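Taken straight from TrEMBL:
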type	residues	note
DOMAIN	224-336	domain '1,3-beta-glucan synthase component FKS1-like'
TRANSMEM	371-391	transmembrane segment
TRANSMEM	412-433	transmembrane segment
TRANSMEM	543-563	transmembrane segment
TRANSMEM	584-611	transmembrane segment
TRANSMEM	1215-1235	transmembrane segment
TRANSMEM	1268-1289	transmembrane segment
TRANSMEM	1373-1403	transmembrane segment
TRANSMEM	1479-1499	transmembrane segment
TRANSMEM	1511-1539	transmembrane segment
TRANSMEM	1551-1575	transmembrane segment
TRANSMEM	1582-1606	transmembrane segment
TRANSMEM	1655-1674	transmembrane segment
Amino acid sequence: MHPTYTPVHDTSSTESVALYPHSSVVSSGRSSAEPSSSEHVPILTYTTPAGDEAHFSEYNRHYSASVESHMSTGTSIAPNNPFADMPGSSEQYPAWSADRQIPMSTEEIEDIFLDLAQKFGFQKDSMRNMFDFLMTILDSRASRMTPNQALLTVHADYIGGQHANYRKWYFAAQLNLDDAVGQSQNPGLQRLRSVKGAPKTGNTKSLDSALNRWRNAMNNMSQYDRLRQVALYLLCWGEAGNVRFTPECLCFIFKCADDYYRSPECQNRIDPVPEGLYLETVIKPLYRFMRDQGYEVVDGKFVRREKDHDQIIGYDDINQLFWYPEGIAKIVLQDNTRLIDVPPAQRFTKFGRIAWSRVFFKTFFEKRSRAHLLVNFNRIWIIHIAFYWFYTAFNSPKVYAPKNKQSPSAPMTWSATALGGAVATLIMIAATIAEFSYIPTSWHNAGHLTTRLVFLLIVLALTGGPTFYIALIDDRPNQGNIPLIIGITQFFISIVAAVAFSIIPSGRMFGDRVRGKSRKYMASQTFTASYPNLGRTARVASISLWLLIFGCKLVESYFFLTSSFSSPIAVMARTKVQGCNDKYFGSALCSNQVPFALAIMYVMDLILFFLDTYLWYIIWIVVFSVARSFHLGLSIWTPWKEVYTRMPKRIYAKLLATSEMEVKYKPKVLVSQVWNAIIISMYREHLLSIHHVQRLLYHQVDGPDGRRTLRAPPFFTNNTGNEADFFPVGGEAERRISFFASSLTTALPEPLPVESMPTFTVLVPHYSEKILLSLREIIREEDQNTRVTLLEYLKQLHPIEWDNFVKDTKILAEESETATFDGTQSTNEKSGSKRTDDLPFYCIGFKTAAPEYTLRTRIWASLRAQTLYRTVSGMMNYSKAIKLLYRVENPQIVQRFAGNTDRLERELERMSRRKFKFTVSMQRYAKFNKEELENAEFLLRAYPDLQIAYLDEEPAPKGGDPRLFSVLIDGHSEMDEQTGKRKPKFRIELPGNPILGDGKSDNQNHAIVFYRGEFLQLIDANQDNYLEECIKIRNILGEFEQYTVSSQSPYAQWGQKEFSKFPVAIVGTREYIFSENIGILGDIAAGKEQTFGTLTPRVLAWIGGKLHYGHPDFLNATFMATRGGVSKAQKGLHLNEDIFAGMTAISRGGRIKHSEYYQCGKGRDLGFGTILNFQTKLGTGMGEQMLSREYYYLGTQLPVDRFLTFYYGHPGFHINNILVIYSIQTFMVTLLYLGTLNKQLAICKVDSKGNVLGGQPGCYNLIPVFDWIKHCIISIFLVFFIAFLPLFMQELLERGTGKALIRLGKHFLSLSPIFEVFSTQIYSQSILSNLTFGGARYIATGRGFATTRISFTILYSRFAGPSIYMGMRNLLLLLYATMSIWTPFLIYFWVSVLSLCIAPFVFNPHQFSFPDFIIDYREFLRWMSRGNSRTKASSWYGYCRLSRTMITGYKKKKLGHPSEKLAGDVPRAKWRSVLFSEVLLPLCGATIFVVAYMFVKSFPDRNGLQNPSALIRIAVIAVGPVVWNATVLLTLFFVSLFLGPMLESWARFASFMAALAHFLGLVGLVAFFEFFWFLELWDASHAVLGIIAIIAIQRAIQKILISVFLSRELKHDETNRAWWSGKWYGRGLGSSAFSQPAREFVVKIVEMSLWTSDFLLGHLLLIVMTPPMLIPFVDKLHSMMMFWLRPSKQIRPPLFSTKQKRQRRWIVVKYSLVYIVVVAFLAALIVLPALFRDHITFKCTVCQNI
């Protein structure tokens, strides 16, 4: 019966392995003294014998045996098996059954697992779990190939195949040398010394022969051995916990275990080792090392260490140690012997003694710095800056012409232009130097950096040197042609250098890390550069796309940007300003004002040069995408009518696996079942009314000859294209059916029959998202700002669905009524009262509060909000789809169970359960509160096949760490009477708390051992799925190209094409944003997703640049799981965890595809705040990605076309946003400088040809400059509006021209450009602040609906830092520009700069309702002043502190106070980046503005007198308020110090002192401003310029005070209250009560300035928003603009009680007066002096000297 195994000589190890015949393998865990019984006790019913506990004495732990549910009933017992009625249905793994020539029976496989568990001490539950795991994979594969081939391919995927990660690692780490020689000293280190003098022939060393030896070894292995290897790998993987994130470390563990297993000492061992040994000795030490990198124990709790990424040895660093033989050689035991000095067979036994803390080191430093952009994307900078230099140098001859000539000599022109090559070389040198700081020099890759640096210096000499020579001899006569020849040669060398540097990846110069043959690069090739090859057409497309983009860009930039810039250069280059003078600087600064302006214009032009490329990228990617969609068959030009009429044929041809069936049935019969199922599922979801359903279903009718026939629905037969006949217009049903119909027009892979389709799993990570909405949440308002209950809101969004729901409910209610009564009372009543009776249904959907009715409403609402219930019920459609397809394609089954629907249903269940598994990873399940538990229970009851994986914690015995378990339950698990919880199916101990990172990836990782089958779909807890999409599941799994596997063994010879092509790792799909497609913000977000999720990936996936895997994507589970899991998990660094999986897949040789024909729903919160929080998260995550090693590898190793695709598809979008914002700021400064010129100098008048007219002595010809300004504005304008092109094209393709234009029009009417500008700023700010300071600190804006009004203060405090301050500074610059050079083009800038300041308020619902506005004002005043005597959560002081701590960081030791929640555990920023961004940049800015102001003041005034020094005037006005604040504060400090303790009974004393100080600060600021304006003799434009300079100086002073003089912040605000109340004692400050006042003094000086500026800014914003309030019905109009709802459909105003109304009226009256008074006062300060400027004159001698 059982084959006996013969010993096989294994070539890869030295000793031969004895394989025992089956009967003597220790069976079922008994001690072998007992005679082993012949019958197999199945593994699944095995419980611990009584004597077994003795082994645990050293571990002192007891694993409770977990109970199985009837799903996992064993192989030999089937009494309680519900499927005992079909032949073969009693098998749990039907494809692996005895009648199919299986290489070994299930029982034998069980025994292998048992044996391994006893030899290595794996946990029993983990072993049961992995057994089921492996059997499911074998069953899944064997259902479409022979069982022998199934086992072979599984072994090839995990261990030995061409694309198995283990094989790749084995050769990369050069273990073949270690094993082939079998020597105790690892020859991997002394590779080339002949070992023991044995003469080596050439071929033994070469890689090919090694590969052949490997292939032979694999080919000659017995199936038993293959299975044992896979089993051992899975057992090691299944308990590894967080070590699963380090795949090569796992490979090393497996290799040591495998070597040990083959050794005689393991084979001869009789006693089983204690359970849990592997976890304790191998995994836990590694886990502890990982945990202690990021956490330390403080008072028995784990606290995050304050380390940034470059000090934490993360998963990637740990993993990379195992890539190189030198790394493995570093592993030492505690007694300092190296692990490789131990013979391979004994290494595994030494694992418990390895000193891991002495082993690992950083292999890449993720330092926070902007230099990462330089290293990773050096080719982008070279392409742009070098070519910009070539263009511009050629077009600005005057700049380098000799003093006395108009134009330079020919050699000089050639040479100056040629310096572009030197620029390119300099960028390369800078990148190389920066790269030195990211790579540890001790490691072997620093060698090629030094070589590269030397070479680059030589190139620099060649490209830059000749220029010095030519410049020296340029003026000398009779030089002949030598300089010219040198110049031309230099020019061509430069061109070659620039082109070479922009094409060759820096990782491939000197020592090719990508294709080099040297063994040294083997590992980095294998793991960071095995990019999958593109097919020929794809590669051609990729190259042509980039040639087109850069061809267009270089031509257009030359004519539009550069040549239009040459005339301003010509007039400005040599211009000196005459007749200006400054008291201290003389004419040194002011005479050069024109060249200063020119320098700024050069920078401006460079930025536009960058932006141009992005513009062309978008244009061409859209063109390619459109072309590609026609090629795929998705097109608007085919009329809908035709798409619909052909649909039944297409369903039959593409979705049903009809090739296998004998044609007994008409296609119509089969199609009708599928179609009717889809329509009925929509009816059940209340998307269709019964009237629509009738017109959409296939009906059985009596035919003419008395036979029943099927009648096709009118929808297919006479579809006029008028869609209102068939489904609600613009509803969900229309969208779904039309997508389904159009998706079937594309080419789909052929499906397999259901029984041979692969098994797959859907995995959902769940943290604390809502499971099911409670009644309370649905029918109660959240707070007074919401104005509306959730149910009303949902009814507003889905009116048709609500109607259908109500009709349904009424039918139900009537049925139950007639069932209870005899039906007499209800019929007699008049129909009039019937209407009023139905009111409750229309309001809340139920009339009696019986749970079954309220539950219906709760479910209706939950299916339309973002709940887990929606996700689960959506994904469970897979199960329905599989049953449907199985039933349709196998009519014989239906006949077999003709009378017995129960048994038919069970048979279908069995199939769906075998092919589809659904696991939700509920991290917090064990900690759920009562309501959450009830909801989870409801899910399990509704969907018994749903599996829930959760973390269970056992508190530690005194002082130890608690033990954590990974537990799996499902709806079949029975309840435990004692605890009231379900008994687990599997309960596997983890090495410790698995959540070390940001949570989501850790949550996926702990549950990943419970996935089953070959493919994995990762879903977020806010997604949805539909039946008609689930029917396509077999087609989409066909995209993995694993349906037809050749019957040849993968080990027969490597040449087999099938096995050598790169595997498909990820199949991407479309996402549809379902959440609230309401209003403008919803539409913008949905549109972004449409373009990012559909338009661009279509092209990117084709040309090999799609990296991101979104969340409906399907993963090749074996591929991903053996390469570090489905996402990366280092805290902070892998914030967007999913894109890292995509990058890993591509750089380790996996292909990523994108399929157009399948979509999942996805929800997003679409309020203003949540969209921006989401964007901030994206931006921050992008900043973290810039630091990551993946970007470094991709950026320095990809070939140029794929690099550009990667760059513009991912980071380029964000960097483009940064540049757009920079362009606005630079342009403002340019305008400022040109404005000063225009204001102070006489500009020449010209005739129509542009020649200067005569008779204008001393005039300056700046007309070309003003033309250039117009060019610039057009460029910036285009860059913004090209953002709308993809959306427009997408809409045009999918819905037609009319719809596209309407949508675009709606966008512009709803002011979406304002939102675009604002979100660009948010993106760029979040990246830059992340690269400087790290972690995201932003104030949450709260969730709520999109209709909730957020108060002014919250919006102000959230967006002031990121955007409002910058917007206001630019507004001042713009104001000056408008005063000095007015052109109508500037209106566009007014709009875009204003939108930076007011966008948050414009998109705030009901912003302009008057009472709310005034109540906001009251709240603003209170917010500004609270928090000084008592701690307040929301106060200006708290906001100010939070923004400050980004730089100061927090104090470490907690001085007896609980720290506040706001802080987070973000480390303090590095001083270098702080120095750059907080000291140098503000100083530069201040200098630029002060120079501009000094220029204006350096001309004689109207009386012809010389102005006093502008510098002194600015200094007095700028530093004055700071000094004044300091004096006020000092005085008040002593006052409160003496009075405070006396007036202890007066609680508000501190607030009074604070208010006094702030008021005095405000007075001081205003007084200084008025004084300054008086000094300027009431000249408005000079005053504005002065204020710009003053603000810049003050900002610099504040930033320097904060960053240079402040120590770390305490985590509480005691010092603030101490300062104002004067009581420093008793605040828990300890000895620092003496040093703190000094620090607090500096803080308070800064705070006073900030407070006054925030006070004035807030009022300014309010004033800007007052005029719209005067428009009648503005609130209605504004709501129409935001929500796209007619006034009748809008949400009702809130209802207030009479008391509340009275209160509100009184507040409004009172504060309106306050507001008017304050505004009038502020206006008077500006208006009065302007009106009476001639009458106000003072004589003061001091004033004349300032």
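Backbone N, Cα and C atoms are what each Cβ position is placed from, and that goes for glycine too.
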DSSP-derived helix, strand and coil totals, residue by residue, for the domain '1,3-beta-glucan synthase component FKS1-like' (224-336):
73 helix, 10 strand, 30 coil
Residue numbers, six or more beyond the limits of the transmembrane segment (1373-1403), whose CB comes under 8 Å of its CB atoms:
1080-1081, 1168, 1224, 1227-1229, 1231-1232, 1234-1236, 1238-1239, 1266, 1269-1270, 1273, 1277, 1280, 1311, 1313-1315, 1317-1318, 1321, 1352, 1355-1356, 1358-1359, 1363-1364, 1366-1367, 1580-1581, 1584-1585, 1588, 1661, 1664-1665, 1682
With CB pairs under 8 Å as the measure, which of the listed stretches 371-391, 412-433, 1215-1235, 1268-1289 comes out on top against the transmembrane segment (584-611)?
1215-1235
Selected stretch (most C-beta pairs under 8 A with the transmembrane segment (1582-1606)) from 371-391, 1479-1499, 1511-1539, 1551-1575:
1479-1499
Using Cβ atoms and a strict cutoff of less than 8 Å, what residues sit near the transmembrane segment (1511-1539) while being 6 or more residues removed from its termini?
582-584, 1490, 1493-1494, 1497, 1549-1550, 1553, 1556-1557, 1560-1561, 1564-1565, 1568, 1571-1572, 1575, 1586, 1589-1590, 1593-1594, 1597, 1619-1622, 1637, 1641, 1644-1645, 1648-1649, 1652, 1745-1746
With a Cβ cut-off under 8 Å, give me the same-chain residues at least six positions beyond the ends of the transmembrane segment (412-433) that come close to it.
371, 374-375, 378, 381-382, 385-387, 389-390, 393-394, 397, 400-401, 449, 452-453, 456-457, 459-460, 463-464, 466-467, 470-471, 474, 484, 486-488, 490-491, 493-498, 501-502, 506
So which of 371-391, 1215-1235, 1479-1499, 1551-1575 has the most C-beta pairs under 8 Å when paired with the transmembrane segment (1268-1289)?
1215-1235
Other than its close neighbours in sequence, what residues sit by the transmembrane segment (1551-1575), given a CB gap under 8 Å and a spacing of at least six beyond its ends?
1424-1426, 1428-1429, 1513, 1517, 1520-1521, 1524-1525, 1528-1529, 1532, 1535-1536, 1583, 1586-1587, 1590, 1620-1621, 1644, 1648-1649, 1651-1652, 1655-1656, 1725, 1729, 1736, 1738, 1743, 1746
Taking residues 6+ outside the transmembrane segment (1215-1235), which of them lie with a CB under 8 Å of any CB in it?
373, 377, 593, 596-597, 600-601, 603-604, 607-608, 610-611, 614, 1262, 1265-1266, 1269, 1272-1273, 1276, 1279-1280, 1320-1321, 1323-1325, 1327-1328, 1366, 1370, 1373-1374, 1376-1377, 1379-1381, 1389, 1392-1393, 1488-1489, 1492, 1585, 1588
The domain '1,3-beta-glucan synthase component FKS1-like' (224-336): mean pLDDT?
90
